[in-house]
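What follows is a set of notes on a single structure, which appears directly below.
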Amino acid sequence: MWNKEENTEEAPKRDEKPLVNRNNEDGLGKDAQSASSSKDSNGVEQVEAAVEAKGNDPEVAAAAAKTEDKTTSVSNVAAIPDGGLSSWLQVLGSFFLFFNSWGITNTYGVYQTYYQSYLLRNNSPSSIAWIGSVQAFLLLFVGTLAGPMYDAGYLRIIMAVGSFLIVFGHMMLSLCEEYWEVLLAQAFCIGLGPGLLVVPSVAILSTYFRKKLAFSIGIAATGSSLGGVLYPIMLSRLISETGFPWAVRIIGFVCLATLLIPNAVIKMRVVPETMRSLIDWSAFRDVPFLLFTLASFIGFMGLYMPFVYVESFAIVEGIADEDLAFYLLSILNAASTFGRAIPNFIAGKIGPFNVFIPATVVSGVLILCLIPVSSLATTIVICALFGFTSGAFVSIPATIVVMLTPNRGYIGTRMGMAFGFAAIGILIGSPIGGAVLKSGGYNAIWIWGGVLMLSSGLLYIVTRIAKFGWKPIQRVLPRSMKVICRATNLSTEDEDHDSDRDRPRSLGCEIGRDSLVRFAPRASNEQRKTHAGDAELLVAQRGLS
């Protein structure tokens with residue numbers, strides 16, 4: 001597949017040690033080396049020796065392949081199935097994790113309106129907004145703890161505890177009458193539960209998909225949109241028919257039923273060889289990753305202004321009555337369903353940043369467009385469009401974190417770190433919005449949210465330039481492909497070419513990483529596949545992408 005977002009870099013130097021020699025008649029090497037004879041800090045020499053050994057003897061290569069299958073490395077991207085029943089069952093399970101994590105969080109706008117009008121009407125909008133902010137904050141921040149726990153292999157425990165907290169929190173919320181009770185039940189209990197689920201819901205897919213990763217995450221992420229559509233409608237209708245306590249209990253029972261599915265079907269395919277630390281300290285020296293997390297912090301501060309305040313805005317400004325206003329949040333979340341699937345599919349074709357950046361900028365513009373709104377039709381259109389672009393904003397970052405993580409064993413840790421920075425933005429964004437509302441009205445809220453989103457979009461542009469360069473879309477030879485071709489010494493010419501033209505060299509043509517098999521005509525199919533997998537591992541260990 002064409003690489004869309006990477007620069008052409010200088011080829012490795014000629015004196016760089018090749019993984020195999022070209023003296024053997026099969027074109028893959030003659031002399032094997034011991035894997036223990038050469039080591040370096042990155043373990044590259046061990047990979048080189050392993051490739052040499054497998055290049056010599058097909059039987060040895062087959063035996064090694066069987067051994068690798070039993071002890072699959074998380075960095076061996078060649079072993080990722082990228083499809084099949086088991087892989088798509090993970091998407092199904094992840095769908096329902098999104099349904100009960102982001103879906104529950106995106107429902108808070110209905111709670112905010114109900115609390116302001118009835119249950120907590122003696123409290124200020126800013127105070128009430130802290131409930132939803134803490135809930136959303138914990139959803140992301142707990143990922144900094146869940147990430148390393150996931151990397152350590154505690155997936156089942158994480159999912160079981162998270163599922164329990166979500167159901168238990170709803171049952172306790174149904175009994176609440178005071179502000180501090182609601183804060184404990186909804187903000188902390190329901191916030192902690194989804195927080196344990198959000199990292200596994202994304203990280204598990206990175207071990208089952210490679211080429212289809214962005215698309216699979218997009219499909220799973222539609223669960224949050226569906227939850228954001230169904231839960232607000234259910235809650236609003238049930239409150240009017242059964243009262244708030246039983247409405248919340250029924251929501252809890254729905255959560256219980258839908259959380260049984262991921263707990264039954266999701267399983268961990270690979271576990272990193274060693275226990276990962278809570279923080280990947282190398283990330284603080286990774287400029288693109290730091291820029292990305294800063295941009296996410298700013299973006300998530302402004303993202304939830306429409307989610308939290310558009311319903312009350314429509315009622316207070318006389319745009320819609322209470323029976324119709326709550327549908328605005330459902331419309332927003334419904335459009336987000338398409339915003340999570342379609343942009344992610346396109347991102348797999350042209351690159352995540354090339355979709356993510358426009359979605360962020362357009363989201364900021366749409367929030368600003370709420371300032372002059374005075375009709376219901378215009379409000380609905382803006383909510384639908386914002387739902388679509390915001391769907392891309394919350395679903396594509398997971399793919400970008402995977403892209404920005406050179407060591408796949410740290411995907412969970414870095415994802416947790418990135419979510420932690422975004423969580424702080426969510427925590428302070430809505431309460432500040434409540435204070436802005438009290439002092440400047442709804443127009444001030446839309447300015448606050450829109451400017452923050454536009455600022456984050458600018459930082460994402462800087463992030464992309466720092467990682468991949470200026471050109472928006474490029475068909476170029478990535479550095480990783482050059483290293484693969486030189487490291488494996490696979491011929492890039494046809495067999496009838498003379499030895500001078502047939503000697504190993506860095507490819508100067510435009511090819512993708514998966515073209516390694518096509519550009520090694522002298523190797524057997526088994527050897528090409530074996531070396532392609534080892535070359536991918538070499539890329540992961542050297543931090544190339």
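Cβ from N, Cα, C; glycine included.
Quantities reported herein were computed from a predicted structural model and do not represent experimental measurements.
Features reported for this protein in TrEMBL:
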- 30-41: compositional bias 'Low complexity' (COMPBIAS)
- 86-467: domain 'Major facilitator superfamily (MFS) profile' (DOMAIN)
- 1-67: region 'Disordered' (REGION)
- 88-108: transmembrane segment (TRANSMEM)
- 128-147: transmembrane segment (TRANSMEM)
- 154-173: transmembrane segment (TRANSMEM)
- 185-206: transmembrane segment (TRANSMEM)
- 213-234: transmembrane segment (TRANSMEM)
- 246-266: transmembrane segment (TRANSMEM)
- 287-304: transmembrane segment (TRANSMEM)
- 324-343: transmembrane segment (TRANSMEM)
- 355-373: transmembrane segment (TRANSMEM)
- 379-404: transmembrane segment (TRANSMEM)
- 416-437: transmembrane segment (TRANSMEM)
- 443-462: transmembrane segment (TRANSMEM)
Please tell me whether the transmembrane segment (355-373) and the transmembrane segment (154-173) touch - that is, whether there are at least 3 C-beta pairs under 8 Å between them, with each pair 6 or more apart in sequence.
no
Tell me if the transmembrane segment (443-462) touches the transmembrane segment (246-266). I count contact as 3 or more CB pairs below 8 A, with pairs 6 or more residues apart.
no
If you average the pLDDT over the domain 'Major facilitator superfamily (MFS) profile' (86-467), what number do you get?
88
Using a Cβ cut-off of under 8 Å, list the residues of the same chain at least 6 residues beyond the transmembrane segment (287-304) that approach it.
132, 136, 140, 360, 363-364, 367, 390, 393-394, 397, 400-401, 404-405, 414, 417-418, 421-426, 428-430, 432-433, 448-453, 455-457, 459-460, 462-463, 466-467
When counting Cβ pairs under 8 Å to the transmembrane segment (185-206), the leader among 88-108, 324-343, 379-404, 416-437, 443-462
88-108
Let me check one thing: do the transmembrane segment (88-108) and the transmembrane segment (416-437) come into contact, meaning three or more Cβ pairs under 8 Å with sequence separation of at least 6?
no
